[in-house]
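Quick one: the structure is below, questions incoming.
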Amino acid sequence: MRKAAVGAAVVCTAAVCAAAAVLVRQRMKSSSKWGRVMAILKELDDNCGTPLGKLRQVADAMTVEMHAGLASEGASKLKMLISYVDNLPTGDEHGLFYALDLGGTNFRVLRVKLGGKEKRVVEQEFDEVSIPPELMVGTSEQLFDYIAEALAKFVATESEGLHPEPNKQRELGFTFSFPVKQTSIASGTLIRWTKGFNIEDTVGEDVVAELTKAMLRKGVDMRVTALVNDTVGTLAGGRYYKEDVIAAVILGTGTNAAYVERASAIHKWHGPLPKSGEMVINMEWGNFRSSYLPLTEYDIALDEESLNPGEQIFEKMISGMYLGEIVRRVLYRMADEASLFGDTVPSKLKTPFILRTPDMSAMHHDTSPDLKVVASKLKDVLGIPNSSLKVRKIIVDVCDVIASRGACISAAGILGIIKKLGRDTLKQGENQKSVIALDGGLFEHYAKFRECMEDSLKELLGDEVAETIVIEHSNDGSGIGAALLAASHSQYLEEDES
């Protein structure tokens, strides 16, 4: 009996030891996997590093590319497009002006009544219209007729105090956010469609002429006096209220910058210099590229798999279209190599662009003790119902690294513009303010991105110079900015002044 008991005890002890060994191996495996997660995070943090020295190199590279782009066509990754906007709004404008904002699957029509410096914008009305999918791939005539019909309906709703002055034609600012070769303030040929549009017979045509023909067909007596993109519109909107505005930056789904340049510094300009001595330059800075940019394997893979490999590298590192996707790629690697979410990679995590930047922002801003928002996004967006607090903290860390890098190199880009304009140093006895107008959903809604960008710019400038540089939100530049440019380039300006 005693032998049997001893035998049973030995068997039992062996079983316990075996179970303990399995548990130890599991813990070691788990510990090893977690170590791999931390190694991937550290590697990401190192590769995304933005020390001040590197950011200053990025800023200097931006300034060099700006000079090259102004010297001759094709000499720089920056197009440095001449906008033909040589008169920015001053606040003196008065009268009724319209704007049309076409940049996606919806377009807006807007009218403003301007009352000069005392009253500024007296009244403002707008309407938003969806474009039927079939018109995005139809003919040029069909699309512009549809837009002209909407304009006609909008004009018909003018109230008693919102009519143009007697014997004056209505004037329109046209924000057209597609690649255009501008040939004057009110003309430009379409280079190519983007954003789901594919209307072959518009390519190579003057989009203002196409709209004008459609307005004639639909009985709309209106003249396009300014063709602009949303960034130039934002600059105009900012300058209308503050004469110290020198540049505008869009940080949204995409990104771009425009600024006011001395006309004499634009060496590729062959026409007579404008009377104002100034010209707004549309930088198209999303295409900026430099060896100093902190690119990672995730950025390189994203670029290679994109519709435009090798192009828009800066935009792919800082804009709302791509930030969430970079985070997804990092999380996918952690899931694949270190089982971050369990033994199998969640199927939804394999889907490109499933994690949008607003989702990333929501997780990044989660201040709840158990990171409930992160848990909710994992479940609702990525189909991951269960996650530990430890895993959720890692996800917030990844969001922080990617957002901080984007914000810091955005600040370096802005510094590049400030340097080009010679506003990065203080001249003796001068304390001139320089205002940068910012717009776009990323800047407006992603608070941690915005705060990091502003802090980084201050650090790059130094306390004294930072006091003279102001970042200001300029809302709805693509709408009201276009109407203001229609006013500042009105055909009736000389009559009004005489």
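Cβ coordinates come from backbone N, Cα and C, glycine included.
Just lifted these from Swiss-Prot, have a look:
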type: BINDING; residues: G104, T105, N106, T253, G441; note: ADP binding site
type: BINDING; residues: T194, K195, N229, D230, N256, E284, E315; note: D-glucose binding site
type: DOMAIN; residues: 35-487; note: domain 'Hexokinase'
type: REGION; residues: 90-228; note: region 'Hexokinase small subdomain'
type: TRANSMEM; residues: 4-24; note: transmembrane segment
Hey, what's the widest CA-to-CA gap across T194, K195, N229, D230, N256, E284, E315, the D-glucose contacts in the record, in Å?
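Largest Cα to Cα distance for the D-glucose-binding set is 17 Å.
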So which other residues, same chain and not among T194, K195, N229, D230, N256, E284, E315, have a Cβ within 8 Å of the centroid of the Cβ atoms at the D-glucose site?
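Everything else in range on the chain: S177, F178, P179, T231, I250, G254, G286.
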By the DSSP assignment reduced to helix, strand and coil, which category contains D230 (D-glucose binding site)?
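In the DSSP reduction, D230 (D-glucose binding site) maps to helix.
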How many neighbouring Cβ atoms, not counting its own, are there within 10 Å of the Cβ of N106 (ADP binding site)?
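Its Cβ shell of radius 10 Å holds 11 other Cβ atoms.
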For the binding-site residues listed here (D230, E284, E315), tell me which residue's CB has the most neighbouring CB atoms inside 10 Å.
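Ranked by Cβ atoms within 10 Å, first place goes to D230.
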Looking only at DSSP and grouping its letters into three states, which state does G441 (ADP binding site) belong to?
helix
Taking the recorded ADP site as G104, T105, N106, T253, G441, identify the other residues of that chain whose CB atom sits within 8 Å of the mean position of the site's CB atoms, giving them in sequence order.
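Other same-chain residues with Cβ inside the cutoff are G103, K195.
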Express the distance between the Cα positions of D230 (D-glucose binding site) and T253 (ADP binding site) as a whole number of Å.
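Approximately 13 Å lies between the Cα of D230 (D-glucose binding site) and that of T253 (ADP binding site).
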C-alpha of T253 (ADP binding site) to C-alpha of E284 (D-glucose binding site): distance in Å?
14
Determine the mean pLDDT over the region 'Hexokinase small subdomain' (90-228), rounding to the nearest whole number.
91
What is the maximum Cα to Cα distance, in Å and rounded to a whole number, among the residues G104, T105, N106, T253, G441 annotated as binding ADP?
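Across G104, T105, N106, T253, G441, the two farthest Cα atoms sit 17 Å apart.
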Within its own chain, what residues at least 6 apart in sequence put their Cβ under 8 Å from the Cβ of T105 (ADP binding site), listed in sequence order?
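Non-local contacts for T105 (ADP binding site): S130, I131, M136, K195, G196.
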